[in-house]
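Feature list (source: TrEMBL):
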type	residues	note
DOMAIN	9-171	domain 'Phosphotyrosine protein phosphatase I'
ACT_SITE	15	active site, nucleophile
ACT_SITE	21	active site
ACT_SITE	145	active site, proton donor
């Protein structure tokens with residue numbers, strides 16, 4: 001598959017602790033775009049995830065996240081992750097910075113604005129901060145944090161990640177045509 005135009009994008013998924021929602025989004029996105037595989041979607045150049053908090057730095061994803069991913073064919077042989085905190089340099093490393101909920105989006109928007117006002121970030125070169133649910137077809141849907149709930153919350157999050165990834169890739173195709 002040849003790229004539509006020459007545009008390649010990088011995407012970053014952001015939640016609070018980087019052990020549930022954002023690594024699930026990253027795993028699903030990598031899987032659906034065949035990232036780091038021979039049939040990789042040529043529009044994607046880099047994929048990562050992080051958290052706005054440093055609560056779990058270096059930790060693996062929540063076992064329920066990995067269990068749900070594995071149930072859908074995304075195994076540790078293909079996807080491994082260690083949690084990390086969002087860094088200001090991420091604004092220039094990524095074209096799209098997707099927040100899982102409005103609280104994390106607000107944090108990212110505030111941080112982006114603060115860095116621009118300070119002169120530490122060139123607005124023209126800064127990644128676009130958006131709610132990941134913008135691409136789900138349901139009016140800026142949030143991904144509810146399943147951490148304190150049962151496994152079914154992780155299944156709901158998985159379904160959202162698939163829908164949002166498909167919506168984003170469809171929109172990306174429209175932008176490139």
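Even glycines carry a Cβ here, placed using N, Cα and C.
In TrEMBL, annotation is done automatically, which means it is predicted and not curated.
Structure with TrEMBL features highlighted.
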residue : record                    : Cβ neighbours (10 Å)
15      : active site, nucleophile  : 30
21      : active site               : 33
145     : active site, proton donor : 18
C-alpha spacing of the residue listed as 'active site, proton donor' relative to residue 21 (active site), in angstrom: 7
Where the residue listed as 'active site' falls in three-state DSSP terms: helix
Residue pair residue 15 (active site, nucleophile), residue 145 (active site, proton donor) - Cα distance, angstrom, rounded: 8
